[in-house]
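Marked as transmembrane segment by TrEMBL: 113-135, 141-159, 188-211, 268-286, 306-329, 370-390, 451-468, 474-493, 505-536. TrEMBL lists 115-505 with the feature domain 'SLC26A/SulP transporter'. According to TrEMBL, the domain 'STAS' annotation covers 557-639.
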């Protein structure tokens, strides 16, 4: 039954279905009768048609030629869809969207060039020592970190949409590479290629939204756990011992088992380097002179810039100094430090990634085909691209200044960059948050800053690799520890506690799971835990119960759910409505103002509730039910289903029902 404006009469649902809807017109269109109960006047002026001529789908569309394409003409619809996609794909707007370089290159000027030059060189001084160090995290020779740091930069210049992203190896991607490829060079290169392919396909299919399923607490827990694992993995190099492992617990167990082999000089150098890097980090943030920049003298500005440059280039300065120390012991019979060893001079050869492994290239001593290699990479083929996208999107959002971030374009950019890197023996990479911060602070103007970073990496490969072999492992470990330790997101705990304490559960759960389990299992556990919380909130909507008086003086009970009625929540809502209605013994109104959706299960429960109230001869009404939801409930033709849209109609409904209150049942 419905009740609305003067045009709405109280009629039985069965009668309404047969008399109001009637047979559909021959053209397949229909009138939405639920609109006739709305208080909104949408009747068009001088229009004799109901609802101002608003009608439903006619089940046909018009082609460009003006001809009808019916629902049965699937070929015609497919051809039209393909034509629209082709026109969209080759439009000027789409081409500039997919090739962002076309947007900024025509306006490129000398100011942009100077900003990109300074930023590119500054980032290059940061990326070289980090690349050497991150290769160690991936379990690969140091040269492979440099191999993955130059060709992808060129690709990102053309396809990247964020000026602050320097493409290359990152700490998280390196750790995931180690856990997926197990330190095998061939598998790491193939992982780079396949990750790029997956990222490219995700971008072409518009699957960038998948990162939305990883909530802030889960992302924080994952990042913090990864940071601790990376720090743990470098402790062995600081102590000068051998301790391998893939999980946090396993690494520490092996460290304690080998603790008796600690090397004093490695430990001293490693701890000293960490202290120096932290001090230099503080120096980068110091300012001399007045607080107001306009009052600073020229000398103040020069000193501040010099301190910032020294602090920003701290990794490169430290590696050069430690390399010189290592070089000074080359004539000694036994060097006091463990060195990273020989690095092949020159650029890597350009060749396809390995699609099979010989017996000499595997740990098992048996050949591996392409399918066997892919099988051994397992879930890393999905986890590595997703985490790479998460890192990149986090950087883009951090420096976007409120502008929207195109996740699809970033997927295409990092996908093509990783595919290119695999042809020069690189392992998976993405944008680095620490290097992006340096890039932004250095005044980068466009993605072209990557070309100067690439140039420094290429020069180092051509001329300086013989000297890299003298760098102590402890100094590279210190570089990683001093950079990664600040990725532990302790600062988010307090705001999370103040805003919503329950968000700490998926965050803490992800953190513990990533420490105890392989990272891909940890992140899946965190996402699954977050989904459980979402389903729980969907199954337990907040419901307010109030006892009110109508304009005519009749008491009634109004029950207001705060969200849609779907299968996890309907039984909970039904039990509460039944309990309160029996306890109060008053007419019940369910305020559906916040119910924006429903499903078949909800319709069956509503039908059952209306029957229960009818048997008790207790009025039940639905207030302000949206037409789309009303249509779902109509599907089961509930006999005593009453909807009204104006508060003053409640008294009319009660009078027509001739309701007499019964004695209230005590709780």
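Glycine is no exception: its Cβ is also placed from the backbone N, Cα and C atoms.
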Paired segments the transmembrane segment (306-329) and the transmembrane segment (188-211) in contact, 3+ CB pairs under 8 A:
no
Region pair the transmembrane segment (113-135) / the transmembrane segment (474-493), three or more CB pairs under 8 Å:
yes
Ranking 188-211, 370-390, 451-468, 474-493, 505-536 by the number of C-beta pairs under 8 Å to the transmembrane segment (268-286), which range is first?
474-493
Of the stretches 141-159, 370-390, 451-468, 505-536, which racks up the most C-beta pairs under 8 Å with the transmembrane segment (188-211)?
370-390
Any contact between the transmembrane segment (505-536) and the transmembrane segment (370-390)? By contact I mean 3+ C-beta pairs closer than 8 Å, pairs at least 6 apart along the chain.
yes
Averaged over the whole of the domain 'STAS' (557-639), what is the pLDDT?
86
